[in-house]
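A.B. asks: Handing you this structure, nothing more for now.
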Amino acid sequence: MAAEKGADHQTMEASRDVLKSTQTIIHEALEKLGYPEEVYELLKEPVRMLTVKIPVRMDDGTVKIFTGYRAQHNDAVGPTKGGVRFHPDVTENEVKALSIWMTLKCGIVNLPYGGGKGGIICDPRKMSFRELENLSRGYVRAISQIVGPTKDIPAPDVFTNSQIMAWMMDEYSRIDEFNSPGFITGKPLVLGGSHGRESATAKGVTICIREAARKKGIDLKGARVVIQGFGNAGSFLAKFMHDAGAKVIGISDAYGALHDPEGLDIDYLLDRRDSFGTVTTLFKNTITNKELLELDCDILVPAAIENQITEENAHNIRAKIVVEAANGPTTLEATEILTNRGILLVPDVLASAGGVTVSYFEWVQNNQGYYWTEEEVEEKLEKVLVQSFNTVYNTSRSRRVNMRLAAYMIGVRRVAEASRFRGWI
Ligand SMILES: NC(=O)C1=CN([C@@H]2O[C@H](COP(=O)(O)OP(=O)(O)OC[C@H]3O[C@@H](n4cnc5c(N)ncnc54)[C@H](O)[C@@H]3O)[C@@H](O)[C@H]2O)C=CC1
Ligand SMILES: O=C(O)CCC(=O)C(=O)O
């Protein structure tokens, strides 16, 4: 019995290894497209992975050594692109998987980039402003040889923001001896940021929710929405859903969740949340993140971290549509369970691509030195995401595969073709 339990545990651990599960779907997508095995061999891991040690003098005078990563999945299509995550649970495999997802996202929304991603094992919620600045600058010094406006362009992700992008841009500009706004995206507007970047991920998710709701015949007005995570993606999304007339009945952060079947006071929560997306600590009547995911609702949006919907809770999900704002929130097994139950799952590599799309717009504006209005940015984003949603949806119907596999087929084809034309495979 004990041995059986051990085996079960191992299977569960494997199903939560985001790199392994991504590799499994890439393999399946390439097989469906008829590519030979060597294409998989090239695409199953990043072509480059740098691990760095970053010494930071802390406010108490001690020196702490942080570990950071930068993964560059594949640059056949163009320079690599993707955010930097500051989180205590960052791992090498997670960063690798995140970089692969960036390649797929860029392929799906048709951006001239490959995928990259970075991460530092740290807890910014427990660090001072000065310590965070030193860590951000130290990271850029450590990875400076492999990044740059035409090589690999970072951006924000979990627990990083426009201030951190500004420090990183300034540090790179010193190393480059040049003012280099195109080195990084998600910057403050005064430093060459783009209108609409801050809310872009949530805008993209909103467009996907709207399109998915149409397909399912759900009216957004009055629809009950649950959102896990109240940071950049989750909080803007709550606002957009509220503005669209939906009822946001549940939200959460790393410490717990809030539920009100009549609809939460989103404006109040937005006003009270801190810069790390924490708000539930202000309340007594909280529920757990686990309970939040299983609430009766029409639309569920995981917008926090990986492996939240698993084979353990997928049977209990009561939403009609699940739209992944977070990267990797649903395991392979859970994807199958939800699909078999007739729940429409809009995958991360499509639903969360609004962020990198407007990052691309920011980079284009930096390169041309001419800036667009918020309306121009929004109009362009709308076009890209509606088209991408329909391409993935139609592929999933015509090839009789779920939306995740359809999205992978579209994303992986682009990088495979670029690698083939370059003569790499
Ligand atoms: N910021 C962006 O432009 C993009 C973000 N994403 C993805 O969206 C997700 C959220 O990212 P952001 O909103 O940018 O991050 P953020 O740092 O602004 O907010 C993160 C939110 O998740 C919560 N959280 C953290 N650890 C948690 C845990 N263990 N359990 C439950 N909640 C937890 C935090 O309390 C916070 O509310 C991530 O998966 C990220 O990779 C995807 C595309 C672009
Ligand atoms: O804006 C970007 O370049 C990347 C955003 C990101 O890291 C993501 O989509 O996961």
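Backbone N, Cα and C atoms are what each Cβ position is placed from, and that goes for glycine too.
Relevant sequence annotations retrieved from TrEMBL are reproduced here:
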- Lys117: active site, proton donor (ACT_SITE)
- Lys81, Lys105, Ser359: substrate binding site (BINDING)
- Thr201, Asn232: NAD(+) binding site (BINDING)
- Asp157: site 'Important for catalysis' (SITE)
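Give me the lay of the land around each of these features.
C.D. replies: Around the Cβ of Lys117 (active site, proton donor), 31 further Cβ atoms fall within 10 Å across all displayed protein chains.
Of all Cβ atoms in the protein chains displayed, 29 besides its own lie within 10 Å of the Cβ of Lys81 (substrate binding site). Lys81 (substrate binding site) carries a strand DSSP state (E or B).
Sequence-distant contacts (6 or more apart, same chain, Cβ under 8 Å) of Asn232 (NAD(+) binding site) comprise Pro156, Asn161, Glu198, Thr201, Ala202, Gly277. According to its DSSP assignment, Asn232 (NAD(+) binding site) is helical.
Residue density at Asp157 (site 'Important for catalysis'): 25 other Cβ atoms are found within 10 A of its Cβ, drawing on all protein chains shown. According to DSSP, Asp157 (site 'Important for catalysis') is assigned to coil rather than to any helix or strand.
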A.B. asks: Can you list, in sequence order, the residues of the same chain other than Lys81, Lys105, Ser359 whose CB lies within 8 Å of the CB centroid of the substrate site?
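C.D. replies: Apart from Lys81, Lys105, Ser359, the close residues are Gly82, Gly83, Met102, Cys106, Leu111, Tyr113, Gly115, Ile153, Ala155, Thr185, Ala353, Gly355, Val356, Thr357, Tyr360.
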A.B. asks: Which ones are near Lys117 (active site, proton donor): of the recorded positions Lys81, Lys105, Asp157, which have a Cα within 10 Å?
C.D. replies: Lys81, Asp157
A.B. asks: Counting only residues 6+ away in sequence within the same chain, which have a CB under 8 Å from the CB of Lys105 (substrate binding site)?
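C.D. replies: Looking at Cβ-Cβ distances below 8 Å from Lys105 (substrate binding site), excluding near sequence neighbours, one finds Gly115, Val349, Leu350, Ser352, Ala353, Val356, Gly411.
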A.B. asks: Go through the recorded positions Lys105, Lys117, Asp157 and pull out the ones with a Cβ less than 6 angstroms from some atom of ligand 1.
C.D. replies: Asp157
A.B. asks: Take the C-alpha atoms of Ser359 (substrate binding site) and Asp157 (site 'Important for catalysis') and report the distance between them in angstrom, rounded.
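C.D. replies: About 12 Å separates the two Cα atoms.
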A.B. asks: What's the CA-CA gap between Lys81 (substrate binding site) and Asp157 (site 'Important for catalysis') in angstrom, rounded?
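C.D. replies: Spelling it out, the Cα of Lys81 (substrate binding site) and the Cα of Asp157 (site 'Important for catalysis') are 12 Å apart.
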